[in-house]
C-alpha cells in the first residue's frame, strides 16, 4: 500500500504561476532570427567570454543609466499631452530601475518580464488604492496608510505573478503619496509604459556590447511544451507524445519535482538535448547545462551544473547556479 504523503501546513504552501503559464507560452523565436538581431536581444550561440572587471561594468552602467534617463526625460518633454497634464519628466522609480537594468543585469529582478510587468502591476495597484482612499473625506490624514497598503499589495501581487521588481514598489508608493502622480490617475500608465520601453531599448543596446542582456525574456525554464506536444501528436498520427527527459534547462522545474528520473541514462539526456537543438527550441538563457544526479551535493563546473535527485529549485535559484558556472 502506497503511504499517504504528509499534509502540508499553510507555512509550506507554494504557488508557482510559471508551472501553468510556461507550457502555453510560445517557445523562443530568437534562434530563428538573424544573428546580429538575436545578439542584441540576448541570444548567444557561442560560449560567453570571461567576465568583465568591475571598472568596465561600472563604465557601461554609467553610460546606460545616463542615456536611458536622458532619453526618457527628453521624449516626455516633447509630448504635448504630457505637458498639459503635468506629467513628470521622469517618474522617480525609474532611477532605481536604471541601476538594476544597467548594473545588476544578471539579477532575475532585472529581466524584461519583471522590469515591465512589475511596474505595470504596481502602478495599477497604487492607482486603485489611491482612488479607493480618495473616497474618504480624511484622505490627507490617512494617505500614508494607503501608500503602505499599496506597496505591500503590489509586492504580494508581483511575487505571485513572478514579476518582482524592487523599483516598482516605489511606483506603487508614489501613486498614492505624490500629488503629481495621484492627479494623473490611470493616465500614469502611459508615461510608465513609455519609460519602460525606452529604458529596455537602451538596455538591449548598451548591455549587449560586452555583456549579455537579458538572460531570458519570460522564464529561465523552457516554454511552449503544450504546443510541442500537440505538434508531436500530429506528426505520429494522433499517437501519444514521445517521452521527453528535458533539454537544456528542462531537467529542473521550479517548485516541482525534477524532470529527470532516477533511472535516466546520460545517453537519453544527450539525445533529448540534440532533439531540442534540431527543433530550434533551445532555451536561450545561458549555455550552461543543468543535469540531475549526484549524491546529495550541488556540483558546479564550467558549462555544467549537477543537482541532486529530488531537489526542487526556483527559477532564480537555477539562474544563479548557471551564472556561477558561466563565471568559472
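Yeah, the Cβs are placed from backbone N, Cα and C, and that goes for glycine too.
Annotations in TrEMBL come from automatic prediction, not curation.
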Candidate ranges 23-45, 184-206 [criterion: TrEMBL lists as transmembrane segment]: 184-206
Using Cβ atoms and a strict cutoff of less than 8 Å, what residues sit near the transmembrane segment (117-135) while being 6 or more residues removed from its termini? 93, 97, 142-143, 145-146, 149-151, 153-154, 157-158, 161, 163-165, 167-169, 171-176, 182, 185-186, 188-189, 192-193, 196
Positions on the same chain near the transmembrane segment (87-105), where near means CB under 8 A and six or more residues out: 57-58, 60-61, 63-65, 68-69, 72-73, 76-77, 79, 81, 115, 119, 165-171, 174, 178, 180-181, 184, 187-188, 191-192, 195, 199-200, 203, 206-207, 211-214
Same chain only, please: residues at least 6 beyond the ends of the transmembrane segment (184-206) with a C-beta under 8 Å from a C-beta of the stretch. Say none if there are none. 40-42, 60, 63-64, 67-68, 71-72, 75-76, 82, 85-88, 90-91, 94, 97-98, 101-102, 105, 112, 115-116, 119-120, 123-124, 127, 131, 171, 175, 213
